[in-house]
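A short write-up of the structure that comes next.
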Amino acid sequence: MASQKLLLLPGDGIGPEIMPEVKKVISWFNENGGMSFETEEGLVGGSAYDAHGQSISEEDMAKAMAADAVIFGAVGGPKWDDVPYEVRPEAGLLRLRKDMQLFANLRPAICYPALADASSLKKDIIEGLDILIVRELTGGVYFGEPKEITDLGNGQKRGVDTQVYDTYEIERISKVAFELARTRNNKVTSMEKRNVMKSGVLWNEVVTQTHGNGYQDVELEHMLADAGGMQLVRWPKQFDVIVTDNLFGDMLSDVAAMLTGSLGMLPSASLGAPDEATGKRKALYEPVHGSAPDIAGTGAANPIAMIASFGMALRYSFEEVEAADKLDKAIAVALDKGLRTKDIASEGQATVSTSEMGDAIVAELSALSA
Ligand SMILES: NC(=O)c1ccc[n+]([C@@H]2O[C@H](COP(=O)([O-])OP(=O)(O)OC[C@H]3O[C@@H](n4cnc5c(N)ncnc54)[C@H](O)[C@@H]3O)[C@@H](O)[C@H]2O)c1
Ligand SMILES: CC(C)[C@H](C(=O)O)[C@@H](O)C(=O)O
Ligand SMILES: [Mg+2]
């Protein structure tokens, strides 16, 4: 394999604690899997702000644009609560998504067999769960203009965010959802709120039209997003692929995370469109969770979402499907053997630290290759 450039952006809080664990996995694939990843590190979020007053520097942005994939930890935390909105830690992540045009965010929620008991939900609801949330990532209320707080002059202020979607944005994300559904259980559920939002009416219309233009072999259903949240907790196995907008996707994926046992279990891939000449996509891989300030520095962070995000890089950026399957298997075996970070431990169960979990997964990679 030709050498591939990875830009590692650990970020803040538990970000710098889980990144070393994925580095162990990358080294393992370099040394034992015939791969040739070159890594470089940069700053993002609060750590970038502390270093140079921006949540990502122009230099690191340029490195991200040039990388074969960006591996991102997490950003944010109370330390930066009072920094200006434009340079808050989260702005660095949003800029990466927007400038790299990473419109398709894939958030798989898989309940590993060993964790079917870890959830507060009944076992039959989550056992064997395997759903995929396809979240639109570069549009909607996150980026729509105007976005402002104005002074109304009478002691009142007005906060404004604008939800905007154009046809092309809805069409391209629904195509991603239909294509992925074909590789899975062939069903797409589109979620919006067409009963309240004009953008929801258009979303529903465009998803239906796109379905009619060559995807009729895939089952399509529409659901109001609030009811979708309820159904996700009531009987999540009714879903295969869920396609939804930026904000609903953010919220529904945190809900889905808890079906798998913990936010620390959910990886994600953020993908751009394939380049017309080379077919390569820009891509960023990150756990769904944040910087977890409440546990940062305690060694309790679960590195599985981070490691599984690299697994998604193997699958979606490097076409290393066998390696990605092996990594998923190594995670499953480590869990089968009873290894648990605190967030996925049942009451009274022994726990391991962040780095012990990383070491165990690497050991299982070696065992699977023996
Ligand atoms: N992609 C990102 O960088 C990202 C995503 C979400 C939130 N954030 C930011 O993170 C900061 C904290 O946000 P929050 O507390 O609402 O959400 P969070 O995801 O950081 O934490 C929510 C809860 O889940 C737990 N948790 C999260 N990841 C875990 C892991 N790997 N292992 C074990 N437990 C884990 C935390 O301890 C916490 O109790 C905020 O500044 C927010 O903006 C960043
Ligand atoms: C940190 C924040 C900007 C981000 C989002 O809202 O998209 C996070 O919650 C996520 O889920 O990736
Ligand atoms: Mg979120």
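Heads up, the Cβ atoms here are built off N, Cα and C, so glycines get one too.
The domain 'Isopropylmalate dehydrogenase-like' annotation in TrEMBL covers 5-361. Residues or ranges marked as NAD(+) binding site in TrEMBL: 77-90, 290-302. Summarising the annotation, TrEMBL assigns substrate binding site to Arg97, Arg107, Arg135, Asp226. For Tyr142, Lys193, the entry in TrEMBL reads site 'Important for catalysis'. The Mg(2+) binding site annotation in TrEMBL covers Asp226, Asp250, Asp254.
Features per TrEMBL, on structure.
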| residue | record | CB count, 10 Å |
| --- | --- | --- |
| Gly77 | NAD(+) binding site | 22 |
| Asp81 | NAD(+) binding site | 8 |
| Tyr85 | NAD(+) binding site | 9 |
| Pro89 | NAD(+) binding site | 28 |
| Arg135 | substrate binding site | 26 |
| Tyr142 | site 'Important for catalysis' | 18 |
| Lys193 | site 'Important for catalysis' | 19 |
| Asp250 | Mg(2+) binding site | 18 |
| Asp254 | Mg(2+) binding site | 15 |
| Ala296 | NAD(+) binding site | 18 |
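Asp81 (NAD(+) binding site) sits 27 Å from Arg135 (substrate binding site), taking the CA atoms of both as reference points. Ranked by CA distance from Ala296 (NAD(+) binding site), the binding-site residues Arg107, Arg135, Asp250, Asp254 have Asp254 at the top as the closest. Closest by Cα distance to Asp226 (substrate binding site), from the binding-site residues Tyr85, Asp250, Ala292, Ala300, is Asp250. Proximity of the recorded positions (Tyr85, Pro89, Arg97, Tyr142) to ligand 2: a Cβ under 6 Å from the molecule is found for none of them. Only Asp250 of the recorded positions listed as Tyr142, Asp226, Asp250, Ala296, Ala300 bring a Cβ under 6 Å of any atom of ligand 3; the order follows the sequence.
Annotation for Ala292 (NAD(+) binding site): same-chain Cβ neighbours under 8 Å, separated by at least 6 residues, are Gly13, Ile14, Ala74, Ala301.
In this structure the C-alpha atoms belonging to Pro89 (NAD(+) binding site) and Tyr142 (site 'Important for catalysis') are separated by 15 Å.
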